[in-house]
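K.L.:
Annotations for this protein, taken from TrEMBL, read as follows:
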- 17-197: domain 'Reticulon' (DOMAIN)
- 49-69: transmembrane segment (TRANSMEM)
- 121-149: transmembrane segment (TRANSMEM)
């Protein structure tokens, strides 16, 4: 087996999340699969909607806290322990910084397409949006999220086990796809030249 400069565990963040995704913490990984399946079943197959489940859960939580606080004052017990329910400025700034990076990337791609007229990026964006549209027609949003969670829990350990074979096949697929895209761009450029003549 060839050595790789960075392990898959390091690429996935190297922490507890990477351990769960690579099934090094089997109980947590199995719990994630079961939990995702249960959530998908409740929302997709049982017919519940997210707002109704959230409202019922919050209703139950508020009722428990209210009765706990009332009974604590009557029985001279301590009040329910509640954390400080505030979002710090640091968390908001980090989220805004990360969102800003992604927004600027999207705007840069839009600028490359609209102003620089980069055909290669234009064709890639068209293909990606077409694939997203086609997959979106096949599944609803919740099922897509469920499929994404399942793939994120099942693909990394398989990739880690067969990394060399997968890298080889993906390299071949990438070169073939790049050749096809270059051919499309070349033909589009030739057609444009013929029209201007």
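In case you wondered, yes, glycine gets a Cβ from its N, Cα and C as well.
Each of these features: where is it, how hidden is it, and who are its neighbours?
P.N.:
Within the model, the domain 'Reticulon' (17-197) carries an average pLDDT of 83.
Here the transmembrane segment (49-69) has Cβ contacts under 8 Å with residues 42-43, 79-80, 82 of the same chain, all six or more residues outside its ends.
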K.L.:
In the same chain, who gets a Cβ under 8 Å from the transmembrane segment (121-149) while lying at least 6 residues past its ends?
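P.N.:
Sequence-remote neighbours of the transmembrane segment (121-149) are 32, 36-37, 39-40, 43-44, 109, 112-113, 181, 184-185.
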